[in-house]
Amino acid sequence: MPTCPAPVRRLDTATATELTDTAAELLARHGSATSPDLLADLPATRTRLSAELRHALRPVDTADGLFVLRGLRPDDTELGPTPGHWSTVGDAGALWDVTLLLVSALMGTPIAWDGQQDGRFVHNIVPSPGHESEQTGASSSVLLTPHTEDAFHPGRAHLLLLCCMRNHDRIATTAAGVRLTALAQADLDQLKRPVAPILPDDAYEQAQQFPGRPAPVPTLFDSPDGLTMRYDPAYTPLEGTDEAWRGAYERLGEELARVSVAVSLEPGDVLVVDNDLVVHGRVPFRARYDGTDRWLKRASVRVEDRPTRPLAEHDEHGYGQAALTAWAS
Ligand SMILES: O=C(O)CCC(=O)C(=O)O
Ligand SMILES: [Fe+2]
């Protein structure tokens, strides 16, 4: 078996079955993975899950800032062909949407965005014709530059979950953790200054029209838990930034490249990334658009009261986007 460059947490057969059986029951009871009643049922359902499962889904506990949960087994035939666009996925792989929601609910509160993929709580990441060279999950022919998910927004996820449905060509997700980097103190100091803004990415058409002024944000932050990062160079305009800051920003990019790992997800793998510690991306590949392309499902999770963000984020406008939560808290 090939080795994985990320810590792997294995679910044994009994625990994996418990998780998918519970997801199947929820789906049968509510009829659709996008049912608001199903989302509202998650907090009660999670309390019924075993201690073994909760243990496997404990918070990220190494400086890597990520782990791979392995042991789920989607049936490639049952899934049907990989859709060519997120909007045509419908209920395909709905069992895995619910499974991912349960995993998310054990870690925090799943969130969604009005302005992305119709407000769905589980996104489908598939290569799409016409989007090959974008900096979004629908791209293929270009390197998806390492980024913090939804870096433009103060309500962004604390955890990002990527569940692999299909990946015949073993196309790698990249991940680089800020706590593995080695930067000079002077560079750290530069990057803790709010110098450049981070603009909404191309997955957010509405937010890109927002008339408010983009506010500069710090790239690095010394939280009580240790160093955290908010980084998306593809959407960070450098106009108006000073040379000393730009040098430090460039060296952070080099350090992240040095410590970056390439994780080829296997069907059923759930990559859990701490979005405060780790930036992720994807290597380029050639999409076939014949139903056999790579297909991931993605969930975003908030962990309330986490002290990993600067307090000044409370005052940000978030480019008019609001995060929706899976249930009222
Ligand atoms: O395709 C991947 O491995 C990651 C894509 C991505 O950045 C995302 O889904 O947020
Ligand atoms: Fe991403």
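Backbone N, Cα and C atoms are what each Cβ position is placed from, and that goes for glycine too.
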Given TrEMBL lists Arg294, Arg298 for 2-oxoglutarate, the same-site residue among Thr145, Thr148, Thr173: Thr173
Further binder of Fe cation named by TrEMBL next to His147, Glu149, taken from the candidates His30, His55, His280: His280
Cβ neighbours of His280 (Fe cation binding site) where a neighbour is any other Cβ within 10 Å: 21
Sequence-ordered binding-site residues from Thr173, Arg294, Arg298 with Cβ under 6 Å of an atom of ligand 1: Thr173, Arg298
When distances run from the Cα of His280 (Fe cation binding site) to each of the binding-site residues Thr173, Arg294, Arg298, the nearest one: Thr173
Listed binding-site residues (His147, Glu149, Thr173, Arg298), ranked by Cβ neighbours within 10 Å, top entry: Thr173
Distance-selected binding-site residues near ligand 2 (C-beta under 6 Å), from Glu149, Thr173, Arg294, Arg298: Glu149
Spatial separation of Arg294 (2-oxoglutarate binding site) from Glu149 (Fe cation binding site) - C-alpha basis, Å: 20
